[in-house]
Amino acid sequence: MMETTLTLSSDSEDDDVTPPPAKRRSIEGVPKSFDGDKKARFSFGVSSSRISEDGDVADSDDVRFRSTILKTPVSLRRRSISMSCMTPRDPSKRINEPPANQICSGFVRNEDDDDVAMMEREEEERDAEKETDLNLRALLSPEKKKRKEKITEVQNEFYGVYCLISRSDRPCYKNRCYIGYTVDPNRRIMQHNGGRFKGGAKKTDSRGPWDMVCVVHGFPNHVAALRFEWAWQNPTVSKTLKEKHLKKERKETPFAYQLRIACQLMNSDTFCRFALTFRWLITKEELPFPTSCPPPEHIKLKYGKVKKEMSLVPAKREDYVEMGECRLCGNDIEKVWSLVRCISDTCHSHFHSKCLAAHGLKRKNEYTEHIFPLKATCPTCGHFFLWGDVIREQRRIIKISTKCAEEFRSLVVRKDLQLIN
């Protein structure tokens, strides 16, 4: 019987048999072996060959590529974030660009001229930085555009009650009158003629055109003006004129009746001590005042349109003065709202409003009947003034102080810088 010996392990020195290598599937563009790989990665060029330090292509028998062996141009090499530009290692050697069909369509090429221009620009920037001292450079700040100095202005207060006359072609509306309150007569007449969509009143809509014939202004505040307006609109209901039983006469025109009511209001105890002004806006519509009740003597009569007056808010310290002390009591004036001054152009005296009012009432022997005088004279210069004009000047000073800089709030604007026509 024949014996058979089987070798179960490779312990035998005579039998050194290695299995044949597995066949790899060849793929176009992928090398069959990586023995000569120097692990150089992140190359954005189209060439897959290895480049020596001298710039020559290092051919190897172990690594064979199916693609064309070409160098990556400098303009297509990857650039570091910390480096502004990349230069070839040997500037004397020119690198040929690959064919256009082998360049990625989404990659943008830079010409050699662009690289040279960028290098020159960086050298100029470095030279400029060296010329500037480091300490001086730290103190420099970017240049800012100089802003134009803004001139602040405030509009002087105006409270007026006006009378409109309808010029409608329809007999039912012709020559009708309308009484209203406004702070800007020029704007208000355009609103009435523009209709309700332009801000006009309901009673004047589609009943015009309207003419603003006259206006009564000079009220110390809007409350007094609104009370005057309501009493003018409702003479039979108002407490001021209810006892007078004012009714339209048979041959009296609507505007003549409204003019008579206005004169009665200006002579009433409620409004007779105000420094009011009666202004004719349309001179051809002027009518004589009723002889039975003409306006008081201190009421000013003017003609023409109302001009908007503005006050300048200065931004310099020399345009302000100290409040100082009261010329009557000698105490310091601490608050702007308690200060009044003489309206004369030459006098610069400051007073407490309470002290000046008491001085005017004592001279007229009206201290027990009224709170403020109708008219008085300045204790310093003797200038005659109406108390309403003094209060109007006080309100102008307060309005300017609210708009000026914080550092000037405790001061008073100079008198010669007040009005701007």
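Backbone N, Cα and C define each Cβ position, glycine as well.
In TrEMBL, annotation is done automatically, which means it is predicted and not curated.
Source: prediction; values computed, not measured.
Your range for region 'Disordered', going by TrEMBL and the list 1-34, 35-68, is 1-34. Using DSSP to sort the residues of the domain 'GIY-YIG' (157-244) gives these counts of helix, strand and coil: 28 helix, 21 strand, 39 coil.
Across the domain 'GIY-YIG' (157-244), mean pLDDT in this model comes to 93.
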